[in-house]
Each structure stands twice: as C-alpha cells, then as structure tokens.
Amino acid sequence: MSSIILNTVRRECFGQFRARLLQHSLLLTSRALRTAPNVCAHKTQSSRDEISLLEAAHSPDHFGTLSPQVDEPETLDEGDLKEEDFLQNLPTPGQKLSVRQYADLIKDHLKNNRIREALDVVEVRMKQDRVKPVNYHFNLLIGGCARVGYSKKAFQLYNKMKQHGLKVTGGTYTSLFNACAVSPFLGDGLKRANHLREIMLEKGYEPNESNYNAMIKAYGRCGELKTAFQLVDEMVERRLSIGTDTFNFLLQACISDREYGFRHALLVWHRMHRMKISPDRYSFNLLLRCVRDCQLGDLEITAQVIEQILSESIGGADSKRLDQPLPANEETPPVENVKEDVEEPQQPQLTTVTNRELTERLNQEGVPDLLSSQPHLGSLVKLGEVRKAEDRLLLLGGSSNVFAEMKRCGVEPDIRTITELLDVIPSTYAAEKHLLATIKQLKLRCDIDFFNILIKKRSMRFDYEGAKDVLYMIEAANLEPDIVTYGVLALGCQTQDEARSLLKMMHAADVRMNIQILGAMLRQGCAKQNFRYVTEILQIVKRERLKPNEPFLRHLEEFGKVCEKRDREYDAKPRKKGREEFKQEYNPYRMQLDAWREHMGLQGLALDQALGIVREHPWEQFKQPQPDGFEAVKNPKLRHKRKKQHSIRRVDVDAIEDDDQEKGNATEEMKEVKLVS
C-alpha cells in the first residue's frame, strides 16, 4: 500500500519536472530566434570590417551585397500611372476614327494655323486611340510645318516616318525642301537642303519636276544661286519639262542677291524668251521686286551681260540655240550634217549683219527697253547713272512698257502688280497720279495694302501732309484703314500732339496700339531730339504692358549715343549756346529712362544682352497651343473671306497736284475735292 502511494507521488513529480523542462526549452528557443538577426548582422559587420572597401572592390572573391529593401512609396510614380492606364483602359471601337477622319482633323487645324493642335492629332490623339499613322498623315503635317517655315519639326516628322517604316514619297521631299526655303534661318535651311539632297542620291531617287522646282526654290532663297542654276541645267540634261514656275523660282533666287540680283534677273528673263516660255503675272511681279531690291553689281560685267543679251536676241531670233532643251522625241542632229549644210562664204555676211543690227540697237534713240524679246538701250549714255529703283525701272522701259509687255504676253495685271510698281516709280505726285489713272483705266480693284504703301512712300519723302491726304482716298474708295495704315501714319507723327491725335483716332476705331506703331513714333521723337516726346512713348509702353522689340531698343540706343556725345561737348564748352536748355531736358529724361529700363528688366544690360531677352524665337509660337477665343475660331467664316477690294472710280485723280511745290498751297482744296459723287 505504501509502495503504491510512493510510486504515484514519484510519477506526479516527474511529470511536473518534465513539463517545466519543456517550458524552459521553449523559452530558450524563442530567445535564440529573436537574437539571431542581431548576431548575423554582427557577424556580417565584423566580416566587412576585416576587408576594406577598396580591397573588396578589386577582390575577385567579393561580389558585393544585395541592395537593401526599400519600402513601397505611398504615392505611385506618374509615369507608372500613365502606363497602367494605357494598358488597362483600352479604347472602344467607336472611339477610333478612320484614316480619312484623322486627316480631316489635321487639315482643319492647319487651315486655321493651329500647328500645335495638328501635331497633337498624331502625337497624342492617335497614340491614345492605339491607331498607327500612315504616310498621308505625316505628309500633311510636314507640308503644314513647311508652309510656316518650321523646318526643324518637319525633319523630325520625316525621321519618325522612316522609323515607322512608312514609304517616303516625292511629295515628302518637295515639302521638306519647301521647309528649307521658308526657314527663318538661312544657314540651317541650306544645311538641311544639302543633307536631304545627299540622302536622295544615296537612295538612288530620281527627282521629278516638282522636286527640282522645290530644290531651286530652297537653294535660291538660301542664297546659293550657283546651285540653283546648276539644278536647271540638270533638268535640261535629263530632258525634264521646264516651265514658267521653274523660272519664277529662279527669279526668287535673284532677289536674294541684293548686289547682283538685277543682272541675274535680266539673264533669266531673256533665257525665258529664247526658250519661248511665256511669263505669267507672278513673273512680272518678281521682276519688279528685283527692280526694287537688287543692284546692278559691277558695271563693266553688267555692260557685257547687256551686250550679250542684245546679241543673243539678234542671233537666236530664227535659229534654235544649243542651250535650249529639245523635246523628248527629237534628237540632236549629227555634227557631220551640220558642217555640210553651212557654207563658208555665208558666215562673214551673217556676222556683218549681226554687228550692224547690234550697233543700231545700242544707238537707238528713246527710252531703253531690256524687257521685250527685242531689247535695246535707247538713248542711255552710261550705266553709272543707274543708282535708284526708278532708274532700273527705266532700263525696262518704264511702267508703261511693263503694262505693254504684259499685254503682249497675254497677262492681266492685278493690284499686287500695281503695288510693286508703286515701290519703284519716281517719288513724285506726277508719277503717282499716272499710276492711279492707269488703275482706273484698267478697272482694277484696289485693296488697303496699296494705299498703305502710298502713305509710306509719301512719309519717307517727308511729305506728311500728303500722307494724311491718302485717308480721304481710302474713304472715297469705300475701304477701311487697318492696323498697318496706322503704323505707316505713325511715321509722320513729328510732335506729341500729332501722336496723341493718332492714338485718339485708333481708340475711336477700336484699334489697339502695338509696339511697332509706338516704335515709329519713337523714331520721329529721336530724330527731332524731343525728350518729352520720347519719355511719353516710354510711359505708354510701360502703361500698356507692351514688350519692346529690337527696332525699339535700337532707336533708344542710337539716341542715347547722340545725347551722350552732345552732353560731352557741352561739358567741354560750358559757355556754348543751348547748354542749359539741353541739361534741363536731358537730365530728367535720363532718370526716366533708367526707371523704365529697371521696370522692363533691362537695367545695366548691353544692347546685345537686351536684344537676347526681347527677341522671340520664330518657332516658339508653334510649340504652344492656340489660346481660346482666337478670332479664326470664334468666326470661322472670316477664314475664307478675301481681302476687301473696291474700285477707286470715286477717287478724283485730277485733284492730285503734279507739281510738288504747289502741293503745300493746295492741301485744303484737295480735302474738298477728294470725294466725288
């Protein structure tokens, strides 16, 4: 009995001891698990301390450690959100448009000059719709960028077009060369044109007529006349058709050469005559632009060129010249047959006749005529007297001969032709009256641009009263002044009162002033050295929050130099007459100018630095979307409306005085007779 009780007590004690032992072992295990990371970290740290970082970097046995774990950010990356949205939110079939509909969107934006929005159709809209653009879309965008001179973007689109594996067509090359031609950076345009031409040669692409015309236009406008003429010779060698458009682009190339352009234009014009290509209205307008902008160059070489033109017009009148392109079905005759047909005794006789006719042409009396197919120099004594645009017009026979030649060629002049002529006729009332009479005789419809040029022409010869009288002509022609009209009228604002009167007129017509109009007024104030006038212009610029442009700052810079020079002269001679009056006006002006410069952020800057701040990049406007409320958006019908044109039959041409000296006494009479019922 006692043994049984003793065994039971032993089993209970052993069970309790076993349970306590198991509990203690579990406690030790948990503690070991909690301290294990610290031990590992300690061992790792000790192992790192054994080897320096420099040794570990060059040791083949150490490959570094894993990067530490980084907690997930609370806000996801914007790019990741866009990617997730792009992958999950697939467009519905109804959201996608057809190729034609995307093209219509691009055309509509380009028609309204919304370049940024047109580019977004391909770069944003079609990417969101998961639609791949075709080469038609890219060609539309390249053509739109080319028309506004955005050459950088045009070539970027061309590169994207190749990356998409799309076919590059001849129209693509034409648009790219047009982008080079219209680019505001001539050096960059020439570089891109050369690179594109090399690509065409590498690919073995043979340019067509449109490509050649675009290349001639690009190289001509960029000032590379030699290459432009070489391209025409290349067209002749390849027996491609050379038409009026090709020669028009050559005339544009001549305009780019201000020193020798008129001489080149004469050669191009008579090459048209020899090739029996009729000029069009655009050809005559370009020739008149050459008359206005280009010089003769070296007179000896010009005399040789004119003699060459006269001799070629005589010798090539009845025979085909070697430099003319032959039709595709006509071959060059063998040299042997030519030698057999020409007899030796006839050659001296032909030379004698040619020399006698050339001498008659050179000694012909009357006005020179280098415009027609049978040119002559008339009674011209020497080319050294030809200096102005009106003198170069006389070499073509004057304005009457230009109209006669246009009639012989079956070309009707337009108001653009008349406007070009207005720039090159003599700056007299008699010449202007004759031109207005011609407009009435031809029954042409004038626009406001013609009268703007007339105002500018009179203002540039300091006939400010005559310039104001043109406003009565505008009213009689049932036209309305535009912003350019007020700009050219500002050229005649010599005093503050005249400037205030013009600004009041603009305010009454609800026309907002711009920096160009104020710059024209500033020019007059600086020329008259009227400090109060200049100060008032600066205050208007500050009040209206206008940004000064490059001509505005240049006028201020030149005026400042003149004033500083005059100030130094007065300081050197204190008793010189007018010193006190100048100081009283100049010192306040200088303080006002410094305050204005500080307000504009131009204080302490040199002219080049200031110009760098105010000068805007010509392509910046195409990188920004068009603001809401633009006029073309609010009233789309105005986009297709042509410039307003009216007849000038109600303008009394007889009321214009022929004599410039009598003009000042007849101003009031003109105001009364300008309007004819």
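Cβ atoms are placed via backbone N, Cα and C, with glycine included.
Curation does not apply to TrEMBL; its annotations are automatic.
Taken from TrEMBL, the feature domain 'PROP1-like PPR' applies to 132-292.
Within the chain, the repeat 'PPR' (134-168) has long-range Cβ neighbours (under 8 A, six or more residues past its boundaries) at 99, 102-103, 106-107, 110, 113, 115, 118-119, 121-122, 126, 175-176, 178-180, 182-185, 188-189, 192, 618-619, 622. Annotation comment: TrEMBL describes 134-168 (among others) as repeat 'PPR'.
Annotation source TrEMBL lists repeat 'PPR' at 208-242 (among others). Proximity of distant same-chain residues to the repeat 'PPR' (208-242), defined by a Cβ-Cβ separation under 8 Å and at least 6 residues beyond the stretch ends, is recorded for 170-171, 173-175, 177-178, 180-182, 186-187, 189-190, 193, 197, 249-250, 252-254, 256-257, 264, 275, 277, 323, 325-326, 328.
Look at TrEMBL and you will find 318-354 (among others) tagged as region 'Disordered'.
The region 'Disordered' annotation in TrEMBL covers 623-677 (among others).
According to TrEMBL, the compositional bias 'Basic residues' annotation covers 636-648.
What TrEMBL lists as compositional bias 'Basic and acidic residues' is 662-677.
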The repeat 'PPR' (134-168), counted residue by residue under DSSP: helix, strand, coil: 26 helix, 0 strand, 9 coil
Number of helical, extended and coil residues in the repeat 'PPR' (208-242), per DSSP: 26 helix, 0 strand, 9 coil
